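Visitor: According to TrEMBL:
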- 32-54: transmembrane segment (TRANSMEM)
- 47-295: domain 'G-protein coupled receptors family 1 profile' (DOMAIN)
- 66-83: transmembrane segment (TRANSMEM)
- 103-125: transmembrane segment (TRANSMEM)
- 146-167: transmembrane segment (TRANSMEM)
- 209-231: transmembrane segment (TRANSMEM)
- 243-266: transmembrane segment (TRANSMEM)
- 278-297: transmembrane segment (TRANSMEM)
């Protein structure tokens, strides 16, 4: 089914639907990509669900594992907002998506990504308090404080998503119906606009700073304080344990920051769409799969609960 088109007053062809080109234009790769992405998605869902189940264990009732459980739910949601539609397009010649479906997908992806960034900053603050001020950790990271940080992350992510989606939906899209992407995101939709996008690109740059770079700076500040505290420890074993606890979180943050900034700092660049697809695949599919492995394999308490459970 081909997406419909409508003529506006300015003789532009306005798009009311799109055809997603997917990851590759080579038909011979479709089945291989289907099985690969399906396997990665299955691993992501199972791994993150396992983290959610493990972290409710009585021995893991700590703020760090509460944040980890929320992170796992966000990872499942992010992958589920993108991958099922992509998998369906591998097996069907119909890779179209309606305008409303596209805007809905855009809202979900932006909301989940922004919320996850703020949550990663909250997790860095949690580790900073745990290492730098262990005596006041119980008060600073109480149940009420943890719930407040998660709620603040969700509200901030929702606000960012509403602004981005509302602004982009006001732009007239009159480019080709086939877009070189596997889901509806800001860069491929912005390329289709037949209006001046300079104001939106400036707004998007501000949003990128607020959503990615500002939390990343907070994470760096937290880890600077953590490293200073670790270096003051007299025991080599204590220093190694503290570094091990924080390194997994820093790994995830670095992967997110690298992929996110490269995608959104130059959203209208046509020549880099294939590169952006690979980066988008990393943060929507690969990283949600890596998170359970990073946090479980590098965390002694989680491994002990898993072993006892088996």
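Glycine is treated like the rest: Cβ placed from N, Cα and C.
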Visitor: May I ask whether the transmembrane segment (146-167) has at least three C-beta pairs under 8 Å with the transmembrane segment (66-83), counting pairs 6 or more apart in sequence?
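Guide: With 3 or more qualifying Cβ pairs, these stretches touch.
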Visitor: Which residues, given as numbers and ranges, are at least 6 beyond the ends of the transmembrane segment (103-125) yet have a Cβ under 8 Å from it?
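Guide: Answer is 64, 67-68, 70-71, 74-75, 77-78, 81-82, 85, 97, 149-150, 152-154, 156-158, 160-162, 164-165, 168-169, 183-186, 189, 211-212, 215, 218-219, 222-223, 249, 252-253, 256, 260, 283-284.
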Visitor: In the same chain, which residue numbers or ranges, 6 or more beyond the ends of the transmembrane segment (146-167), come under 8 angstroms Cβ to Cβ?
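Guide: For the transmembrane segment (146-167), the nonlocal Cβ contacts are 63, 66-67, 70, 103, 106-108, 110-119, 122, 125-126, 186, 200, 203-204, 207, 210-211.
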Visitor: If we skip the immediate neighbours and take only residues 6+ beyond the ends of the transmembrane segment (209-231), which ones have a Cβ under 8 Å from one of its Cβ atoms?
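Guide: Same-chain contacts beyond the flanks: 113-114, 117-118, 120-121, 124-125, 127-128, 131-132, 160, 239, 242-243, 246, 250, 253, 256-257, 260-261, 264.
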